[in-house]
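Below: one structure, written as structure tokens.
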Amino acid sequence: MEQNSSNFIRTIIKEDLESGKRNEVVTRFPPEPNGYLHIGHAKSIIINFGLADDFNGKTNLRFDDTNPLKEDQEYVDAIKEDVKWLGFEWEELRFASDYFEEMYERAVLLIKKDLAYVDDLNADEIREYRGTLTEPGKESPYRSRSVEENLDLFKRMRAGEFQNGEKVLRAKIDMSSPNINLRDPVIYRVSHAHHHNTGDKWCIYPMYAFAHPIEDAIEGVTHSLCTTEFEDQRPLYNWVIEACEMESKPQQIEFGRLNLINTVMSKRKLKQLVDEKYVDGWDDPRMPTVSGLRRKGFTPGAIREFVEATGVSKGSGAVDTAMLEHFVREDLKLSSPRTMGILKPLKVVITNYPEGQTEMLEAEINPENPEMGSRQIPFSREIYIEQDDFMEDPPKKYFRLFPGNEVRLKHAYFIKCEDVIKDENGEVVEIHCTYDPETKSGTGFTGRKVKGTIHWVEASQAVPAEFRLYEPLILDEELNSEENEGKTFLDHVNENSLEIVNGFIEPNMKDVKPQDKFQFFRHGYFNVDPKHTAEDHIVFNRIVSLKSSFKL
Ligand code: ATP
Ligand code: MG
């Protein structure tokens, strides 16, 4: 975050430091390792690390691993990689599971203070007893158990004497509180599950709402930033800190989630897309995950600029993906080499060019960044152009190639279409042209003008390449609000979200490396795909096309 862009959280922190309420800033990014990070998490990361950075504070990466059934080491590793790639270094790497023993002790303390009890009601009964927004809850018949009985039962829960769901530990707060979160929330449950960190040591696990404030307090977090859906939990957060007698008192502050139109952004749904093979993994370039964006070719700088531009507030409207694309264009404009690639090839024979001859032409690598120098591209009697750049029977205002018309070949000569060769089905298979040697690019030819400029690749040396072109994976702008009429988001998956075409690139690109980025003349920015690119097979992902109607 830039120093100068103020927001309400920064204002709170500044005041806390000035008033002496705090003398340092400690934040944390607390993902649950139950999926890969998405761009919404990137926002949380940038806010947490950015704010701490601005005030010379520190930020921990802490995994909220309190639900072993959904969590996995694969996710832990992926999350660490993504945070680093975004450009952040955590102060300490922590796990909620590091604190299981202390959490247990704090729960025992609550029992001793008669602020927690073991309940035998099952999940359905607990829900029934909880009441509604308009009706108060009902107290469980087990609420009045003695401290001794509760201590004994809780110890036996830990020892594994009970089955999943048979008993829970609940905070004893207020069953008639207007805030449902305070109606004796469950704070421990029995779950005979193997944990990726603690193995089989535990068969009871703390609930998030109990664990999270304790984790923050243990780490000395000063400002615990989370999204607005936790606003109603803040009284419980504060209750846990006080009742458990935590020395350090973190302050929870909520900000609005980032949502993108035409995008699902919950790990549960993203996991479903992966599990049911709508995509080829969490890092599929159509996914809004950090790893998907990376594979598509987005840069950390573009993501940071984008998040900065969305601001920090309590609101959470859905942002247009075009805004994210705007920032990647800006980021790549000066740094990525320009080149020519043919996505859907059509052969052109230049009949008056000497057979067997090849000449090298010079082309600038990036006209907006002359320091990048120039490249050599071969030209000869046979080239490929784009199928779309030829029409046998064009409409008015079509300025590209058609019978009798002359166009400029980028970096080369004018060519004129003389003849069209078709196969037995009437499909155009080859165009015959003549070129005018006087019109060579860079020689200052002014004899006549042509209206169209098209790109091309010399045929004999062209390197085959696969191009992957993307559309939004989900087609429904209202998805984030409601799922209507029994439809789920899966009913809105775009069947045309991926188009694969095979074409050619300039020979000087034969040694490109995964994650190299280029601007292909007229086609947009592309990234060399790290998953499918092999020794003899180059695959490009289109990051973004060149133009957009988006205005910042
Ligand atoms: P999801 O609901 O997408 O599965 P989550 O909130 O369950 O995400 P966590 O791993 O619990 O995922 O989130 C880690 C942190 O990232 C939390 O502080 C959470 O508030 C924040 N976060 C998650 N989604 C967004 C979002 N869309 N915008 C901003 N912050 C987010
Ligand atoms: Mg969550």
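Yeah, the Cβs are placed from backbone N, Cα and C, and that goes for glycine too.
Unlike curated records, TrEMBL annotations are generated automatically.
Checking the ranges 224-228, 264-268, 299-303, 519-523 against TrEMBL, the motif ''KMSKS' region' annotation falls on 264-268. Cross-referencing 20-30, 31-41, 141-151, 174-184 with TrEMBL places the feature motif ''HIGH' region' at 31-41. The list of residues near the motif ''KMSKS' region' (264-268) in space but at least 6 beyond its ends in sequence, with Cβ under 8 angstroms from a Cβ of it, reads 34-36, 38-40, 257-258, 288, 474, 479-480, 489. Here the motif ''HIGH' region' (31-41) has Cβ contacts under 8 Å with residues 63-67, 70-73, 75-76, 78-79, 82-83, 196, 257-260, 265, 267-268, 270-271, 282-283, 287-291, 293, 303, 324 of the same chain, all six or more residues outside its ends. Ligand 1 lies within reach of HIS41, LEU258 from the binding-site residues ASN34, ILE39, HIS41, TYR208, LEU258, judged by a C-beta closer than 6 angstroms to any of its atoms. Residue density at THR227 (ATP binding site): 16 other Cβ atoms are found within 10 A of its Cβ, drawing on all protein chains shown. Proximity of the binding-site residues GLU32, ASN34, LYS43 to ligand 2, judged by a Cβ distance under 6 angstroms to any of its atoms, singles out GLU32 in sequence order.
Between the CA atoms of LYS43 (ATP binding site) and ASP64 (L-glutamine binding site) there is a gap of 18 Å, rounded to the nearest whole number. For the recorded site, ILE39 (ATP binding site), the DSSP three-state label reads helix.
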